[in-house]
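J.: Encoded as C-alpha coordinates, here's the structure I'll be asking about.
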Amino acid sequence: MAETKDGLTHLERVDDAFQESNNEKVASNQEELDIDPVYSYREQRAIIRRVDRRLIVTAGIIYMNSLMDRSNLPNAGIAGMNADLNMVGTRYSVVALVFFITYTIFQPPATILTRKIGPRTFLSAICLAWGVVMVGFSFVTKWWELIPLRLVLGLFEAGYFPGVVYLISTWYSRYDMQKRYAGFYALGLVASGCSGILAYGLMQLDGRGGLEGWRWIFLVFGLLTVAAGFLGVAFLVDFPDRAVNKNYWGFINSEEIKFIIRRINKDRSDASEEEWNFRKWAASGADWKIWMFAVQFFSVTTQAYSLAYFLPIILNETMGFDVGLSQLLTAPPYGAAGILMFVCAYIGDKYRVRGPILIATSSVGIIGLGLLRWTTPPGVRYLGIFLICMACNGGLPTVMAYQANNIRGQWKRAFASATLVGFGGIGGIAGSTVFRGQDTASGSEFGFPIESCYFILDVRNQSPASILEDACHILDHLLSTLISPSHALIGHKPE
(Lines of atoms letter the chains of each structure in order from A and count residues from 1; the text may use other names and numbers.)
(Lines give C-alpha, C1' and ligand atoms only; values in the text may rest on other atoms or scores of the structure.)
Protein backbone atom coordinates (compact mmCIF):
# COMPACT_ATOMS: atom_id res chain seq x y z
CA MET A 1 0.00 0.00 0.00
CA ALA A 2 1.08 3.56 -0.61
CA GLU A 3 1.02 6.30 2.01
CA THR A 4 -0.08 9.85 1.23
CA LYS A 5 1.74 12.87 2.57
CA ASP A 6 -0.96 13.07 5.27
CA GLY A 7 -0.45 9.45 6.26
CA LEU A 8 -3.67 8.24 4.68
CA THR A 9 -3.71 4.85 3.00
CA HIS A 10 -4.72 4.18 -0.60
CA LEU A 11 -6.31 0.95 -1.76
CA GLU A 12 -4.65 0.73 -5.14
CA ARG A 13 -1.00 1.34 -5.83
CA VAL A 14 1.08 1.80 -8.94
CA ASP A 15 3.22 -1.26 -9.55
CA ASP A 16 6.74 -0.44 -8.39
CA ALA A 17 8.46 -1.74 -11.51
CA PHE A 18 6.11 0.17 -13.75
CA GLN A 19 6.50 3.39 -11.80
CA GLU A 20 10.29 3.18 -11.81
CA SER A 21 10.28 2.83 -15.59
CA ASN A 22 8.33 6.07 -16.01
CA ASN A 23 9.72 9.53 -15.33
CA GLU A 24 6.29 11.02 -14.56
CA LYS A 25 5.67 11.60 -10.84
CA VAL A 26 2.52 9.83 -9.71
CA ALA A 27 0.12 11.87 -7.56
CA SER A 28 -0.15 10.54 -4.02
CA ASN A 29 -3.69 11.83 -3.40
CA GLN A 30 -6.69 13.43 -5.10
CA GLU A 31 -5.65 17.00 -4.28
CA GLU A 32 -2.31 16.55 -6.04
CA LEU A 33 -4.08 15.00 -9.01
CA ASP A 34 -6.34 18.06 -9.33
CA ILE A 35 -3.39 20.47 -9.54
CA ASP A 36 -2.53 21.34 -13.14
CA PRO A 37 -0.03 23.95 -14.41
CA VAL A 38 -2.42 25.22 -17.10
CA TYR A 39 -6.04 24.77 -16.02
CA SER A 40 -7.88 25.66 -12.81
CA TYR A 41 -10.01 23.06 -11.04
CA ARG A 42 -13.18 24.53 -12.56
CA GLU A 43 -11.67 24.40 -16.06
CA GLN A 44 -10.51 20.82 -15.52
CA ARG A 45 -13.99 19.66 -14.57
CA ALA A 46 -15.47 21.47 -17.57
CA ILE A 47 -13.08 19.62 -19.90
CA ILE A 48 -13.90 16.26 -18.31
CA ARG A 49 -17.63 16.95 -18.60
CA ARG A 50 -17.21 17.63 -22.32
CA VAL A 51 -15.44 14.29 -22.69
CA ASP A 52 -18.35 12.71 -20.78
CA ARG A 53 -20.92 14.14 -23.17
CA ARG A 54 -19.01 13.04 -26.25
CA LEU A 55 -17.52 9.68 -25.24
CA ILE A 56 -19.86 8.26 -22.61
CA VAL A 57 -23.10 9.30 -24.32
CA THR A 58 -22.05 8.09 -27.78
CA ALA A 59 -20.63 4.79 -26.48
CA GLY A 60 -23.71 4.32 -24.29
CA ILE A 61 -26.15 4.83 -27.15
CA ILE A 62 -24.40 2.18 -29.24
CA TYR A 63 -24.25 -0.20 -26.29
CA MET A 64 -27.94 0.49 -25.71
CA ASN A 65 -28.61 -1.05 -29.12
CA SER A 66 -26.37 -4.00 -28.30
CA LEU A 67 -28.31 -4.85 -25.15
CA MET A 68 -31.67 -4.27 -26.82
CA ASP A 69 -30.64 -6.61 -29.63
CA ARG A 70 -29.85 -9.33 -27.10
CA SER A 71 -33.17 -8.86 -25.28
CA ASN A 72 -35.04 -9.24 -28.57
CA LEU A 73 -34.81 -13.02 -28.35
CA PRO A 74 -37.11 -13.47 -25.32
CA ASN A 75 -39.41 -10.66 -26.45
CA ALA A 76 -39.77 -12.24 -29.89
CA GLY A 77 -40.11 -15.65 -28.26
CA ILE A 78 -43.25 -14.81 -26.30
CA ALA A 79 -44.53 -12.70 -29.23
CA GLY A 80 -44.92 -15.82 -31.35
CA MET A 81 -41.45 -16.85 -32.52
CA ASN A 82 -41.23 -19.86 -30.21
CA ALA A 83 -44.53 -21.17 -31.54
CA ASP A 84 -43.90 -20.35 -35.21
CA LEU A 85 -40.42 -21.90 -35.24
CA ASN A 86 -41.33 -24.82 -32.96
CA MET A 87 -38.81 -23.83 -30.26
CA VAL A 88 -39.53 -26.78 -27.99
CA GLY A 89 -37.35 -28.51 -25.39
CA THR A 90 -33.86 -27.03 -25.17
CA ARG A 91 -33.94 -25.33 -28.57
CA TYR A 92 -34.38 -21.86 -27.10
CA SER A 93 -31.44 -22.34 -24.72
CA VAL A 94 -29.26 -23.64 -27.56
CA VAL A 95 -30.08 -20.60 -29.70
CA ALA A 96 -29.33 -18.28 -26.78
CA LEU A 97 -26.09 -20.10 -25.92
CA VAL A 98 -24.35 -20.26 -29.32
CA PHE A 99 -24.03 -16.46 -29.40
CA PHE A 100 -21.47 -16.64 -26.59
CA ILE A 101 -19.19 -19.11 -28.37
CA THR A 102 -17.99 -16.56 -30.93
CA TYR A 103 -18.59 -13.68 -28.51
CA THR A 104 -16.06 -15.13 -26.07
CA ILE A 105 -13.48 -16.48 -28.53
CA PHE A 106 -13.08 -13.30 -30.57
CA GLN A 107 -12.83 -10.75 -27.75
CA PRO A 108 -9.02 -10.83 -27.28
CA PRO A 109 -8.19 -10.24 -30.98
CA ALA A 110 -11.01 -7.68 -31.23
CA THR A 111 -9.50 -5.64 -28.39
CA ILE A 112 -6.15 -5.62 -30.18
CA LEU A 113 -7.88 -4.46 -33.37
CA THR A 114 -9.57 -1.66 -31.42
CA ARG A 115 -6.13 -0.31 -30.57
CA LYS A 116 -4.58 -1.01 -33.98
CA ILE A 117 -7.39 0.25 -36.23
CA GLY A 118 -8.85 2.84 -33.88
CA PRO A 119 -12.15 2.84 -31.97
CA ARG A 120 -14.04 5.20 -34.29
CA THR A 121 -13.48 3.02 -37.37
CA PHE A 122 -13.49 -0.44 -35.82
CA LEU A 123 -16.28 -0.12 -33.24
CA SER A 124 -18.58 1.72 -35.65
CA ALA A 125 -17.98 -0.88 -38.38
CA ILE A 126 -18.85 -3.85 -36.18
CA CYS A 127 -21.98 -2.03 -34.96
CA LEU A 128 -23.13 -1.57 -38.56
CA ALA A 129 -22.39 -5.24 -39.23
CA TRP A 130 -24.36 -6.65 -36.31
CA GLY A 131 -27.26 -4.33 -37.17
CA VAL A 132 -27.44 -5.93 -40.61
CA VAL A 133 -27.35 -9.38 -38.98
CA MET A 134 -30.26 -8.39 -36.72
CA VAL A 135 -32.31 -7.46 -39.78
CA GLY A 136 -31.59 -10.95 -41.09
CA PHE A 137 -33.31 -12.49 -38.05
CA SER A 138 -36.65 -11.20 -39.32
CA PHE A 139 -36.49 -13.51 -42.35
CA VAL A 140 -35.76 -16.91 -40.75
CA THR A 141 -38.25 -19.72 -41.39
CA LYS A 142 -36.77 -22.59 -39.34
CA TRP A 143 -35.48 -22.60 -35.78
CA TRP A 144 -32.00 -23.87 -36.68
CA GLU A 145 -31.45 -20.89 -39.02
CA LEU A 146 -31.18 -18.78 -35.88
CA ILE A 147 -27.98 -20.62 -34.88
CA PRO A 148 -25.63 -19.36 -37.66
CA LEU A 149 -27.11 -15.88 -37.30
CA ARG A 150 -26.45 -15.92 -33.56
CA LEU A 151 -22.88 -17.12 -34.16
CA VAL A 152 -22.22 -14.26 -36.59
CA LEU A 153 -23.89 -11.80 -34.21
CA GLY A 154 -21.54 -12.93 -31.43
CA LEU A 155 -18.56 -12.48 -33.75
CA PHE A 156 -19.41 -8.84 -34.48
CA GLU A 157 -20.54 -7.90 -30.97
CA ALA A 158 -17.39 -9.45 -29.45
CA GLY A 159 -15.29 -6.35 -29.99
CA TYR A 160 -17.60 -3.62 -28.77
CA PHE A 161 -17.91 -4.00 -25.01
CA PRO A 162 -14.23 -4.80 -24.23
CA GLY A 163 -13.15 -2.15 -26.73
CA VAL A 164 -15.23 0.55 -25.05
CA VAL A 165 -14.22 -0.55 -21.54
CA TYR A 166 -10.60 -0.21 -22.66
CA LEU A 167 -11.24 3.14 -24.40
CA ILE A 168 -12.98 4.70 -21.38
CA SER A 169 -10.18 3.58 -19.07
CA THR A 170 -7.65 5.56 -21.15
CA TRP A 171 -9.54 8.87 -20.78
CA TYR A 172 -10.17 8.95 -17.02
CA SER A 173 -8.23 8.71 -13.77
CA ARG A 174 -8.89 5.75 -11.51
CA TYR A 175 -11.41 7.46 -9.24
CA ASP A 176 -13.30 9.19 -12.01
CA MET A 177 -13.87 5.84 -13.68
CA GLN A 178 -16.71 3.98 -11.99
CA LYS A 179 -19.21 6.81 -12.47
CA ARG A 180 -18.34 6.83 -16.19
CA TYR A 181 -18.69 3.08 -16.48
CA ALA A 182 -22.02 3.37 -14.67
CA GLY A 183 -23.22 6.11 -17.02
CA PHE A 184 -22.18 4.16 -20.10
CA TYR A 185 -23.73 0.93 -18.87
CA ALA A 186 -26.88 2.58 -17.48
CA LEU A 187 -27.80 3.97 -20.89
CA GLY A 188 -27.80 0.46 -22.28
CA LEU A 189 -29.40 -1.04 -19.19
CA VAL A 190 -32.41 1.27 -18.99
CA ALA A 191 -32.96 1.06 -22.75
CA SER A 192 -32.72 -2.71 -22.55
CA GLY A 193 -35.43 -2.70 -19.90
CA CYS A 194 -37.60 -0.43 -22.01
CA SER A 195 -37.10 -2.62 -25.08
CA GLY A 196 -39.97 -4.76 -23.80
CA ILE A 197 -42.27 -1.76 -24.08
CA LEU A 198 -41.09 -1.06 -27.63
CA ALA A 199 -41.40 -4.74 -28.50
CA TYR A 200 -44.99 -4.68 -27.25
CA GLY A 201 -45.70 -1.77 -29.59
CA LEU A 202 -44.07 -3.56 -32.53
CA MET A 203 -46.21 -6.63 -31.85
CA GLN A 204 -49.20 -4.53 -32.86
CA LEU A 205 -47.79 -4.48 -36.41
CA ASP A 206 -48.53 -8.19 -36.68
CA GLY A 207 -49.63 -8.92 -40.26
CA ARG A 208 -48.44 -5.60 -41.69
CA GLY A 209 -46.33 -6.10 -44.80
CA GLY A 210 -46.87 -9.83 -44.53
CA LEU A 211 -44.66 -10.01 -41.41
CA GLU A 212 -45.55 -11.43 -38.01
CA GLY A 213 -45.14 -9.17 -35.00
CA TRP A 214 -41.98 -10.92 -33.80
CA ARG A 215 -40.35 -10.35 -37.19
CA TRP A 216 -41.06 -6.62 -36.89
CA ILE A 217 -39.20 -6.66 -33.57
CA PHE A 218 -36.00 -7.94 -35.19
CA LEU A 219 -36.37 -5.72 -38.27
CA VAL A 220 -36.90 -2.41 -36.45
CA PHE A 221 -34.24 -3.04 -33.80
CA GLY A 222 -31.77 -4.03 -36.51
CA LEU A 223 -32.37 -0.79 -38.41
CA LEU A 224 -31.94 1.21 -35.19
CA THR A 225 -28.58 -0.50 -34.66
CA VAL A 226 -27.45 0.40 -38.19
CA ALA A 227 -28.35 4.03 -37.41
CA ALA A 228 -26.30 3.81 -34.19
CA GLY A 229 -23.33 2.58 -36.22
CA PHE A 230 -23.44 5.72 -38.36
CA LEU A 231 -23.67 7.77 -35.15
CA GLY A 232 -20.42 6.13 -34.02
CA VAL A 233 -18.71 7.03 -37.30
CA ALA A 234 -19.54 10.68 -36.62
CA PHE A 235 -19.00 10.97 -32.87
CA LEU A 236 -16.82 8.20 -31.35
CA VAL A 237 -13.42 9.46 -30.19
CA ASP A 238 -9.92 8.03 -30.47
CA PHE A 239 -7.49 7.18 -27.68
CA PRO A 240 -6.16 10.41 -26.09
CA ASP A 241 -2.51 9.77 -27.03
CA ARG A 242 -3.62 9.61 -30.70
CA ALA A 243 -6.36 12.24 -30.55
CA VAL A 244 -3.84 14.87 -29.45
CA ASN A 245 -2.25 14.79 -32.92
CA LYS A 246 -5.53 15.24 -34.81
CA ASN A 247 -7.30 18.49 -35.53
CA TYR A 248 -10.86 17.37 -36.22
CA TRP A 249 -12.11 17.00 -32.64
CA GLY A 250 -14.54 19.91 -32.38
CA PHE A 251 -15.42 19.33 -28.73
CA ILE A 252 -11.84 19.48 -27.39
CA ASN A 253 -8.56 21.00 -28.56
CA SER A 254 -5.03 19.60 -28.44
CA GLU A 255 -4.06 21.55 -25.31
CA GLU A 256 -7.04 20.15 -23.44
CA ILE A 257 -6.17 16.62 -24.56
CA LYS A 258 -2.63 17.22 -23.28
CA PHE A 259 -4.22 18.03 -19.92
CA ILE A 260 -6.04 14.67 -20.01
CA ILE A 261 -2.74 12.92 -20.73
CA ARG A 262 -0.97 14.80 -17.91
CA ARG A 263 -3.75 13.81 -15.53
CA ILE A 264 -3.58 10.12 -16.49
CA ASN A 265 0.21 10.08 -16.13
CA LYS A 266 -0.05 11.69 -12.70
CA ASP A 267 -2.64 9.12 -11.70
CA ARG A 268 -1.05 5.91 -13.00
CA SER A 269 1.72 6.69 -15.55
CA ASP A 270 0.35 4.81 -18.56
CA ALA A 271 -1.15 7.38 -20.94
CA SER A 272 1.42 6.79 -23.69
CA GLU A 273 1.01 4.06 -26.30
CA GLU A 274 3.36 1.10 -25.97
CA GLU A 275 4.87 -0.66 -28.97
CA TRP A 276 2.99 -3.85 -29.84
CA ASN A 277 4.66 -6.95 -28.48
CA PHE A 278 2.71 -10.21 -28.49
CA ARG A 279 4.93 -11.82 -25.85
CA LYS A 280 4.47 -8.87 -23.52
CA TRP A 281 0.72 -8.81 -24.18
CA ALA A 282 0.38 -12.55 -23.50
CA ALA A 283 2.63 -12.32 -20.42
CA SER A 284 -0.06 -10.20 -18.80
CA GLY A 285 -1.85 -13.47 -18.13
CA ALA A 286 0.70 -14.24 -15.41
CA ASP A 287 -0.92 -11.60 -13.18
CA TRP A 288 -3.37 -13.52 -10.98
CA LYS A 289 -5.40 -10.35 -10.30
CA ILE A 290 -6.59 -10.32 -13.91
CA TRP A 291 -8.16 -13.76 -13.50
CA MET A 292 -9.74 -12.95 -10.14
CA PHE A 293 -11.45 -9.90 -11.61
CA ALA A 294 -12.57 -12.06 -14.53
CA VAL A 295 -14.13 -14.60 -12.14
CA GLN A 296 -15.97 -11.77 -10.39
CA PHE A 297 -17.30 -10.51 -13.71
CA PHE A 298 -18.36 -14.04 -14.66
CA SER A 299 -20.29 -14.34 -11.39
CA VAL A 300 -22.19 -11.11 -11.94
CA THR A 301 -22.86 -11.47 -15.66
CA THR A 302 -24.37 -14.92 -15.17
CA GLN A 303 -27.24 -13.27 -13.30
CA ALA A 304 -27.52 -10.38 -15.77
CA TYR A 305 -27.74 -12.64 -18.82
CA SER A 306 -30.21 -14.96 -17.09
CA LEU A 307 -32.57 -12.01 -16.68
CA ALA A 308 -31.90 -10.69 -20.17
CA TYR A 309 -32.85 -14.00 -21.81
CA PHE A 310 -35.52 -15.32 -19.47
CA LEU A 311 -37.24 -12.46 -17.61
CA PRO A 312 -40.19 -12.07 -20.03
CA ILE A 313 -40.55 -15.86 -20.12
CA ILE A 314 -40.46 -16.13 -16.31
CA LEU A 315 -43.12 -13.42 -16.02
CA ASN A 316 -45.29 -15.03 -18.69
CA GLU A 317 -44.93 -18.77 -18.05
CA THR A 318 -44.16 -19.09 -14.33
CA MET A 319 -45.91 -16.03 -12.87
CA GLY A 320 -48.99 -16.05 -15.09
CA PHE A 321 -48.87 -12.57 -16.65
CA ASP A 322 -50.11 -12.22 -20.22
CA VAL A 323 -47.69 -11.49 -23.08
CA GLY A 324 -48.19 -7.72 -23.18
CA LEU A 325 -47.95 -7.24 -19.42
CA SER A 326 -44.90 -9.50 -19.23
CA GLN A 327 -43.07 -7.27 -21.71
CA LEU A 328 -44.12 -4.10 -19.90
CA LEU A 329 -43.10 -5.44 -16.48
CA THR A 330 -39.50 -5.95 -17.62
CA ALA A 331 -38.87 -2.19 -17.52
CA PRO A 332 -39.25 -1.15 -13.81
CA PRO A 333 -36.54 -3.50 -12.40
CA TYR A 334 -34.00 -2.09 -14.86
CA GLY A 335 -34.92 1.47 -13.90
CA ALA A 336 -34.29 0.63 -10.24
CA ALA A 337 -31.03 -1.08 -11.21
CA GLY A 338 -29.88 2.08 -12.98
CA ILE A 339 -30.45 4.12 -9.80
CA LEU A 340 -28.54 1.64 -7.64
CA MET A 341 -25.75 1.57 -10.20
CA PHE A 342 -25.15 5.31 -9.79
CA VAL A 343 -25.34 5.07 -6.00
CA CYS A 344 -22.68 2.34 -6.04
CA ALA A 345 -20.55 4.40 -8.44
CA TYR A 346 -20.76 7.50 -6.24
CA ILE A 347 -19.83 5.60 -3.09
CA GLY A 348 -17.09 3.64 -4.87
CA ASP A 349 -15.37 6.69 -6.34
CA LYS A 350 -15.85 8.92 -3.29
CA TYR A 351 -14.59 6.43 -0.71
CA ARG A 352 -12.26 4.57 -3.09
CA VAL A 353 -13.68 1.14 -2.38
CA ARG A 354 -15.01 -1.63 -4.62
CA GLY A 355 -15.00 -4.95 -2.74
CA PRO A 356 -17.56 -4.11 -0.01
CA ILE A 357 -19.94 -2.83 -2.69
CA LEU A 358 -19.74 -6.17 -4.50
CA ILE A 359 -20.42 -8.04 -1.26
CA ALA A 360 -23.45 -5.85 -0.54
CA THR A 361 -24.95 -6.18 -4.01
CA SER A 362 -24.34 -9.94 -4.12
CA SER A 363 -26.05 -10.36 -0.74
CA VAL A 364 -29.07 -8.46 -2.05
CA GLY A 365 -29.12 -10.76 -5.08
CA ILE A 366 -29.17 -13.90 -2.94
CA ILE A 367 -32.19 -12.53 -1.04
CA GLY A 368 -33.92 -11.78 -4.35
CA LEU A 369 -33.33 -15.30 -5.64
CA GLY A 370 -34.87 -16.71 -2.47
CA LEU A 371 -37.98 -14.55 -2.85
CA LEU A 372 -38.39 -15.51 -6.49
CA ARG A 373 -37.95 -19.23 -5.89
CA TRP A 374 -39.56 -19.99 -2.54
CA THR A 375 -42.51 -17.61 -2.36
CA THR A 376 -45.83 -17.76 -4.21
CA PRO A 377 -47.51 -14.29 -4.21
CA PRO A 378 -46.72 -12.63 -7.58
CA GLY A 379 -45.97 -9.30 -5.89
CA VAL A 380 -43.33 -10.82 -3.61
CA ARG A 381 -41.77 -12.77 -6.47
CA TYR A 382 -41.67 -9.61 -8.57
CA LEU A 383 -39.87 -7.90 -5.68
CA GLY A 384 -37.33 -10.72 -5.90
CA ILE A 385 -36.83 -9.88 -9.58
CA PHE A 386 -36.21 -6.25 -8.60
CA LEU A 387 -33.53 -7.28 -6.09
CA ILE A 388 -31.80 -9.68 -8.50
CA CYS A 389 -31.78 -7.11 -11.31
CA MET A 390 -30.47 -4.36 -9.03
CA ALA A 391 -27.80 -6.63 -7.54
CA CYS A 392 -26.25 -7.99 -10.71
CA ASN A 393 -26.41 -4.77 -12.73
CA GLY A 394 -25.28 -2.64 -9.80
CA GLY A 395 -22.21 -4.84 -9.47
CA LEU A 396 -21.12 -4.82 -13.12
CA PRO A 397 -19.57 -1.30 -13.28
CA THR A 398 -18.03 -1.92 -9.85
CA VAL A 399 -16.10 -4.93 -11.13
CA MET A 400 -15.09 -3.00 -14.27
CA ALA A 401 -13.72 -0.11 -12.19
CA TYR A 402 -12.14 -2.50 -9.65
CA GLN A 403 -10.14 -4.12 -12.44
CA ALA A 404 -9.27 -0.88 -14.24
CA ASN A 405 -8.00 0.67 -10.99
CA ASN A 406 -5.45 -2.12 -10.55
CA ILE A 407 -4.09 -2.59 -14.07
CA ARG A 408 -1.20 -0.55 -15.51
CA GLY A 409 0.09 -0.36 -19.07
CA GLN A 410 -1.73 -0.03 -22.40
CA TRP A 411 -1.40 -3.59 -23.67
CA LYS A 412 -1.90 -5.14 -20.26
CA ARG A 413 -5.04 -3.04 -19.98
CA ALA A 414 -6.16 -4.35 -23.39
CA PHE A 415 -5.49 -7.95 -22.29
CA ALA A 416 -7.33 -7.42 -19.01
CA SER A 417 -10.36 -5.86 -20.71
CA ALA A 418 -10.63 -8.77 -23.14
CA THR A 419 -10.23 -11.33 -20.35
CA LEU A 420 -12.78 -9.60 -18.14
CA VAL A 421 -15.45 -9.40 -20.82
CA GLY A 422 -14.50 -12.83 -22.16
CA PHE A 423 -15.36 -14.35 -18.80
CA GLY A 424 -18.53 -12.28 -18.97
CA GLY A 425 -19.28 -14.15 -22.18
CA ILE A 426 -18.78 -17.44 -20.35
CA GLY A 427 -21.23 -16.08 -17.79
CA GLY A 428 -23.61 -15.59 -20.70
CA ILE A 429 -23.24 -19.27 -21.59
CA ALA A 430 -24.03 -20.22 -17.99
CA GLY A 431 -26.87 -17.72 -17.79
CA SER A 432 -28.49 -19.03 -20.96
CA THR A 433 -28.58 -22.61 -19.65
CA VAL A 434 -29.42 -22.40 -15.93
CA PHE A 435 -33.13 -21.99 -16.70
CA ARG A 436 -34.43 -24.83 -18.82
CA GLY A 437 -37.71 -25.19 -20.67
CA GLN A 438 -38.72 -28.24 -18.61
CA ASP A 439 -38.34 -26.23 -15.38
CA THR A 440 -40.90 -23.53 -16.13
CA ALA A 441 -43.79 -25.41 -14.63
CA SER A 442 -41.97 -25.87 -11.33
CA GLY A 443 -40.52 -22.39 -11.11
CA SER A 444 -37.10 -23.15 -12.58
CA GLU A 445 -35.95 -25.46 -9.81
CA PHE A 446 -32.73 -26.29 -11.65
CA GLY A 447 -31.56 -22.73 -12.10
CA PHE A 448 -31.98 -21.09 -8.73
CA PRO A 449 -29.40 -23.10 -6.73
CA ILE A 450 -26.84 -22.49 -9.48
CA GLU A 451 -27.63 -18.77 -9.63
CA SER A 452 -27.24 -18.54 -5.85
CA CYS A 453 -23.85 -20.27 -6.07
CA TYR A 454 -22.62 -17.64 -8.54
CA PHE A 455 -23.64 -14.81 -6.22
CA ILE A 456 -21.89 -16.58 -3.32
CA LEU A 457 -18.81 -17.10 -5.51
CA ASP A 458 -18.69 -13.34 -6.09
CA VAL A 459 -18.78 -12.73 -2.33
CA ARG A 460 -16.10 -15.34 -1.56
CA ASN A 461 -13.80 -13.87 -4.19
CA GLN A 462 -13.19 -10.91 -1.85
CA SER A 463 -10.18 -11.62 0.34
CA PRO A 464 -10.50 -10.86 4.08
CA ALA A 465 -7.53 -8.49 3.81
CA SER A 466 -9.21 -6.57 1.02
CA ILE A 467 -12.47 -6.29 2.96
CA LEU A 468 -10.68 -5.08 6.11
CA GLU A 469 -8.56 -2.63 4.14
CA ASP A 470 -11.59 -1.14 2.40
CA ALA A 471 -13.54 -0.86 5.66
CA CYS A 472 -10.62 0.93 7.32
CA HIS A 473 -10.36 3.27 4.36
CA ILE A 474 -14.03 4.28 4.64
CA LEU A 475 -13.67 4.82 8.39
CA ASP A 476 -10.51 6.87 7.84
CA HIS A 477 -12.30 9.08 5.33
CA LEU A 478 -15.34 9.62 7.57
CA LEU A 479 -13.21 10.47 10.62
CA SER A 480 -11.06 12.85 8.58
CA THR A 481 -14.18 14.60 7.33
CA LEU A 482 -15.71 14.90 10.81
CA ILE A 483 -12.54 16.11 12.50
CA SER A 484 -11.33 18.46 9.80
CA PRO A 485 -13.21 18.71 6.50
CA SER A 486 -10.29 20.49 4.89
CA HIS A 487 -8.12 17.41 5.44
CA ALA A 488 -10.54 14.86 4.00
CA LEU A 489 -8.97 12.51 1.51
CA ILE A 490 -11.30 13.58 -1.27
CA GLY A 491 -12.51 17.01 -0.27
CA HIS A 492 -15.31 18.85 -2.03
CA LYS A 493 -14.15 21.57 -4.37
CA PRO A 494 -16.60 24.24 -5.51
CA GLU A 495 -17.03 24.48 -9.24
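Using the three backbone atoms N, Cα and C, a Cβ is placed for every residue, glycine included.
From TrEMBL, for reference:
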{"type": "DOMAIN", "residues": "55-488", "note": "domain 'Major facilitator superfamily (MFS) profile'"}
{"type": "TRANSMEM", "residues": "51-68", "note": "transmembrane segment"}
{"type": "TRANSMEM", "residues": "88-106", "note": "transmembrane segment"}
{"type": "TRANSMEM", "residues": "122-141", "note": "transmembrane segment"}
{"type": "TRANSMEM", "residues": "147-169", "note": "transmembrane segment"}
{"type": "TRANSMEM", "residues": "181-202", "note": "transmembrane segment"}
{"type": "TRANSMEM", "residues": "214-237", "note": "transmembrane segment"}
{"type": "TRANSMEM", "residues": "290-311", "note": "transmembrane segment"}
{"type": "TRANSMEM", "residues": "331-348", "note": "transmembrane segment"}
{"type": "TRANSMEM", "residues": "355-374", "note": "transmembrane segment"}
{"type": "TRANSMEM", "residues": "380-402", "note": "transmembrane segment"}
{"type": "TRANSMEM", "residues": "414-435", "note": "transmembrane segment"}
J.: In the same chain, which residue numbers or ranges, 6 or more beyond the ends of the transmembrane segment (380-402), come under 8 angstroms Cβ to Cβ?
T.: 165, 174, 177-178, 181-182, 185, 189, 293, 296-297, 300-301, 303-304, 307, 311, 314-315, 319, 329, 332-334, 336-338, 340-341, 343-345, 348-349, 354-355, 357-358, 361-365, 367-373, 420, 455, 458
J.: By a Cβ-Cβ criterion of under 8 Å, what residues six or more beyond either terminus of the transmembrane segment (214-237) are in contact with it?
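T.: Residues packing against the transmembrane segment (214-237) from afar: 51, 54-55, 58-59, 61-62, 64-66, 68-69, 72, 75-77, 79-81, 84, 119-120, 123-125, 127-139, 167, 171, 195, 198-199, 202-203, 205-206, 208, 243, 249.
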J.: Ranking 88-106, 122-141, 181-202, 290-311, 331-348 by Cβ pairs under 8 Å to the transmembrane segment (51-68), which is first?
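T.: Of the candidates 88-106, 122-141, 181-202, 290-311, 331-348, 181-202 scores highest.
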J.: Applying the under-8 angstroms CB criterion, which one of 88-106, 181-202, 290-311, 414-435 scores highest with the transmembrane segment (147-169)?
T.: 88-106
J.: Out of 122-141, 331-348, 414-435, what stretch is closest in contact terms to the transmembrane segment (181-202), meaning most Cβ pairs under 8 angstroms?
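T.: Ranking 122-141, 331-348, 414-435 by Cβ pairs under 8 Å to the transmembrane segment (181-202) puts 331-348 first.
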J.: What residues in the same chain, six or more past the boundaries of the transmembrane segment (122-141), come closer than 8 Å to it by Cβ-Cβ distance?
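T.: Residues packing against the transmembrane segment (122-141) from afar: 62, 65-66, 69, 72, 76, 85, 110, 113-114, 149, 152-153, 156-157, 159-160, 163-164, 211, 215-219, 221-230, 232-233, 236.
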J.: Hey, which bits of the same chain come close to the transmembrane segment (331-348), Cβ under 8 Å, at least six residues off its ends?
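T.: The answer is 178-179, 181-183, 185-186, 189-190, 192-194, 196-197, 307, 311, 354, 357, 361, 385-386, 388-390, 392-398, 401.
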J.: Would you mind listing the long-range same-chain contacts of the transmembrane segment (290-311), meaning Cβ under 8 Å and 6+ residues beyond its ends?
T.: 67, 70-71, 73-74, 96, 192, 284, 330, 333, 358, 362, 365, 385, 388-389, 391-393, 395-396, 399-400, 402-403, 406-407, 415-416, 419-428, 430-432, 434-435, 444, 447, 451, 454-455, 457-458, 461
